[in-house]
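Novice: Pasting the relevant annotations from Swiss-Prot:
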BINDING   Arg190, Gly191, Gly192, Arg193, Thr310, Ser522, Arg583  CoA binding site
BINDING   Gly386, Glu387, Pro388, Asp410, Thr411, Trp412, Trp413, Gln414, Thr415, Asp499, Arg514, Arg525  ATP binding site
BINDING   Val536, His538, Val541  Mg(2+) binding site
MOD_RES   Lys608  N6-acetyllysine
Amino acid sequence: MSEKVIDVQDAWRDRALIDEAKYKEMYEASVSGPETFWGEHGKRIDWSTPFSKVKNTSFAPGDVSIKWFEDGKTNVALNCIDRHLATRGDQTAIIWEGDDPNESKHITYRQLHAEVCRMANVLRNRGVGKGDRVTLYLPMIPEAAYAMLACARLGAIHAIVFGGFSPDSLASRIKGCGSKLVITADEGLRGGRKVPLKANVDEAIKRLDKDLVDHVIVVKRTGGNVAMEPGRDVYYHEAAEQVTDECPAEAVEAEHPLFILYTSGSTGQPKGVVHTTGGYLVYASMTHQYVFDYHDGDVYWCTADVGWVTGHSYIVYGPLANGATTLMFEGIPTYPSNSRFWEVIDKHNVNIFYTAPTAIRSLMGGGEGPVKKTSRQSLRVLGSVGEPINPEAWDWYYRVVGDSRCPIVDTWWQTETGGILITPLPGATRLKPGSATLPFFGVQPVMVDAEGKILDGACEGNLCIKDSWPGQMRTVYGDHERFEQTYFSTYKDLYFTGDGARRDADGYYWITGRVDDVINVSGHRMGTAEVESSLVAHPKVSEAAVVGYPHNVKGQGIYAYVTLNEGEEGTDELRKELVTWVRKDIGPIASPDLLQFAPGLPKTRSGKIMRRILRKIAEDDFGSLGDTSTLAEPAVVDDLIENRQNRSA
């Protein structure tokens, strides 16, 4: 692991909301007196009925219950739109950048208010009210944000399904939450290609009971020719012409559900993660402000899709609650060229940029040229999200993208946590490439061993969280028992994250990957992230993924999939060189037993590597790869199978 330390630059400290001393003071207050701390910070949002109870939480076996600000009433849309109208009605709320670089628009807070009210009225006219579930299956267009906020305005519960999911996956999610209404688009656009969203919705509905979905609202994105079912389907623009742009907001209880978001479980059955209104918005807005050192007037861009939790918390709810200008991007980092991210930053003078390590690594493969031909002078803070960022990618991001003048906030959190839990703060935290560093306010990480014993000091183990924070998920939709079983049964009175971590002598946390991404080689535990970091540090390697496979002698062997930089050739000589490289870097125990050169890795459309598929291929067992509907490029898998290194079966 990297032991390089980057001190807080004077320029970061001088402009930051919080310095190191202030962080320590606030953190101490947040864990020693959470009621007082969150009682104060709960006032950062507006309440129609002020709360008097701050925290009412229990992680006790058989009695897991999480409530924050429970006697208060508020509305998320009021906080994200209406309260800003008097002071910043004409400020841009959303910059929308289309898949095609010639397509973009600015939406002010006043326009956002009108659009959200219009959408809410369209929903209300179709019987949607407080507590009803609405499924959104949309591309990254402004209507996705309008639909989220329209549901919130009415007290309805949105359940977004990422536009890359298959009709089967969509159907199971519509059924899971019992949505009577679906909002979609005729087609999506990604990297110049059309995505058949409406056709997928039609296929999904065919798999459901006839009387479940009553209405499908279709946003016209491409104007593509799609089938419309009379009496069920309506084009949004036609429905919107029939309603006004004024709609009262429903005050709801702090613990009223805001959204359900399905996330994959280790059993393969997706879990409906439930986030509620008050605590979630307090936490999303507070983390957005302090983690990104957000100042009034900053242009902020998170490259995620609203189909994932990062898009919920850090494209829509957190930024808009703070009156920010947030950028929504429909496209991909490599279309029409590898410079797209950096061109968008220059075009819109982006100050804060938040993306995933997988995007950074894929762009690294194309070299510095596409970055260096742009200015990027507006950038002030860089962020990373979605998986641990290996030190080499961190260094490239810092040096090449940020010209060594922007702090990187390497954020660790989960769908279940609602917001960022472990992260540097730009003006307060010395940085170590590859480390998520220190906990955010109110977050108490603990390290435990396999037996559940709490570990002190520098150590390696399983990462748990002691005590609740306002953004925490409340339950699994319709299955509270599964919630308790998944997160609270492994270690008593602790929230188990499912991730392994290392804590160093400075108290910094290094996330080593999912606990199921740990390989046991000859009785030694080896985090796959560590081996991957070592491989990616080699100058010829762009990306690597490491999994275990059954080994006659060691129990598990190490199987590495390696994607080389453009122009490099995968030879036997290079294979040996890479094995020696890892051996020297980490030690003989970490040497890959099998190494396969791969032109690409199987990824979901959100950029996550599908390790389950890699494990199956490494085990020479690819007859049942399971659900591959979320794969961005299915052809990648065929190549991996054809060139697999283990043919033992």
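Even glycines carry a Cβ here, placed using N, Cα and C.
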Novice: Including all protein chains shown, what's the count of other C-beta atoms within 10 A of the C-beta of Thr310 (CoA binding site)?
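Specialist: Result for Thr310 (CoA binding site): 24 neighbouring Cβ atoms inside 10 Å.
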Novice: What number of additional C-beta atoms lies within 10 angstroms of the C-beta atom of Thr415 (ATP binding site)?
Specialist: 18
Novice: Taking Cα atoms as reference points, rank the binding-site residues Gly191, Arg193, Arg583 by distance from Thr415 (ATP binding site) and give the first.
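Specialist: Nearest candidate: Gly191.
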Novice: Quiz question: given the binding-site residues Gly191, Gly192, Pro388, which has the greatest number of C-beta atoms lying within 10 angstroms of its own C-beta?
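Specialist: Compared across Gly191, Gly192, Pro388, the most Cβ atoms within 10 Å surround Pro388.
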Novice: With DSSP assignments reduced to helix, strand and coil, which class does Arg514 (ATP binding site) get?
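Specialist: It is in a strand.
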Novice: Nearest of the binding-site residues to His538 (Mg(2+) binding site) by CA-CA distance, picking from Gly386, Pro388, Thr411, Trp413, Arg514?
Specialist: Pro388
Novice: Look at each of the recorded positions, Arg190, Arg193, His538, Lys608, and point out the one with the fewest other Cβ atoms around it within 10 Å.
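Specialist: If we count Cβ atoms within 10 Å for the recorded positions Arg190, Arg193, His538, Lys608, the smallest count is at Arg193.
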Novice: Using a 10 angstroms cut-off on Cβ to Cβ distances, just flag whichever of Thr411, Arg583 is the loneliest among these binding-site residues.
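Specialist: Lowest Cβ count within 10 Å among the binding-site residues (Thr411, Arg583) is Arg583.
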Novice: Quick one: Cα separation, Arg514 (ATP binding site) versus Arg583 (CoA binding site), in Å?
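Specialist: About 23 Å separate the Cα atoms of these two residues.
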Novice: Find the one among the binding-site residues Gly386, Pro388, Thr411, Trp413, Val541 whose C-alpha lies closest to that of Arg190 (CoA binding site).
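Specialist: Comparing Cα positions, the candidate nearest Arg190 (CoA binding site) turns out to be Gly386.
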Novice: Measuring CA to CA, name the entry from the recorded positions Gly191, Gly192, Arg193, Lys608 that ends up nearest Pro388 (ATP binding site).
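Specialist: Looking at Cα distances from Pro388 (ATP binding site), the smallest one goes to Lys608.
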Novice: Near Thr310 (CoA binding site), which recorded positions out of Thr411, Val536, Val541, Lys608 have their CA within 10 Å?
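Specialist: Cα filter at 10 Å returns nothing.
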Novice: Would you mind ranking the binding-site residues Val536, Val541 by how many other Cβ atoms sit within 10 Å of each Cβ and giving me the lowest?
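Specialist: It is Val536 that, of the binding-site residues Val536, Val541, has the fewest other Cβ atoms within 10 Å.
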